């Protein structure tokens, strides 16, 4: 049987509506949604090698800058040596494993092994990063080829192709300054002036390098560097670097805002003064149908007490499903919500009922001190707790009061176009919410405690009550046992008594029966004598009477 399309749509729409968050009922208890965004997850990253050439090519001004270059090399050594020693300490203890096949002459690469005995103490993160470091390291031949290429180049950004067709980007942050300013000014400036200018520039560049790699001195193996921080060492032009790296993803801005592009140190050359980095720039995958909602709450008054509804700050919806959302590994951008891992996890059925419109399922807690929002702007309307803050109509100068039977006040242009609340002047729009929410028209959820001290106190009281209840239960069990024992004993006594009475009764009845039988026999003997009387001469009437 075919179902008409209109009937099918009519049947489907209610199901879809119940699966969404009921913003209307939530707004009655002070919960509103401030934003909604798509959900994207970071997928597998692509890697690109980048070389920071710390020593610029100064062939054209070498005679005037020997002193400054010597001091600059000494400063670089204080940064590079600790990093190089830490990298060597773990990479020299990681060796490849060769797996033998059936033929002894053929072996294949199977993985790497960490010499733990030689390494000593290392955390799990350091071990994992060390193995990844070993896999991304260049061999000695590639290092020598890279050194030769860096010596000859005098460009700020240089693309160096290795024998395996791998492109390595070499960057020098001071080279443009030398090429464009110092070299053309050699004829107008003295040699001392050129040296001083280069010295100041190198000192500033060293400061940027120190601020960039300084945090990595403690743990250079597992430390990560953001591309934003790296841009200072690359001359400040981050767009030029990203274009040279070949990244042209549509989510570039979102990845930059979420700091998704990371760099790790893979090699340090103390003699040639350069650092090799492995840059990972990920791609994003949008999870279709998942919407992340941000929630904000406004306090409301019940009599003299101020409450607010306890809901998570972020939730996610996908069709009928509503789930919690962990915003810790996420970045929020205009392009959407970007997470480095799955941030969705199940929500309790009671909280789901709350979001679907059952206000009695929404827990509430008392406002402590001045913490908590007392007004918020949503859909152009001002939702305010005018019982706790001063609400004033700026247009008329009158005070907007909130009756005791109201928990919130909704102010729109039909009531007051310009509102002053808590010292802030706000122009509101046309009405989107009812003018007020009355206490008798809404079911409120159970009160709970969120403060650590209050939670501890409540738990202590609950434990005390449980102990008392346990003692009372033990006492009641003892009483029941005694009552049960007493009832059994009394019943036995009663049965024995009844039995004795029955036996005595039977004996008495038996004796009575025997006595009655004896009496009846005696009377029979009296009434029937052995000799008959002489009735001779007696009249017939007398005899007949006898």
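Every residue, even glycine, has its Cβ placed from backbone N, Cα and C.
Annotation comment: Swiss-Prot describes 354-362, 386-391, 393-416 as disulfide bond, evidence class similarity to another entry. Annotation source Swiss-Prot lists region 'Fusion peptide' at 109-133, citing similarity to another entry. The annotation topological domain 'Extracellular' is assigned in Swiss-Prot to 20-491 on the grounds of similarity to another entry. The feature topological domain 'Cytoplasmic' is assigned by Swiss-Prot to 513-546. The feature transmembrane segment is assigned by Swiss-Prot to 492-512.
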Counting other Cβ atoms within 10 Å of each residue's Cβ, which of the disulfide-bonded residues 354, 386, 391, 393 comes out lowest?
393
Rounded Cα-Cα span from residue 386 (disulfide bond) to residue 393 (disulfide bond), Å:
12
Spatial separation of residue 386 (disulfide bond) from residue 416 (disulfide bond) - C-alpha basis, Å:
14
Roughly how many angstrom lie between the C-alpha atoms of residue 354 (disulfide bond) and residue 391 (disulfide bond)?
29
If you count Cβ atoms within 10 Å of the Cβ of residue 416 (disulfide bond), leaving out that atom itself, what do you get?
21
Would you count the other C-beta atoms found within 10 angstroms of the C-beta of residue 362 (disulfide bond) for me?
24
Take the topological domain 'Extracellular' (20-491) and average the pLDDT across it for me.
76
Rounded distance in angstrom between the Cα atoms of residue 386 (disulfide bond) and residue 362 (disulfide bond):
22
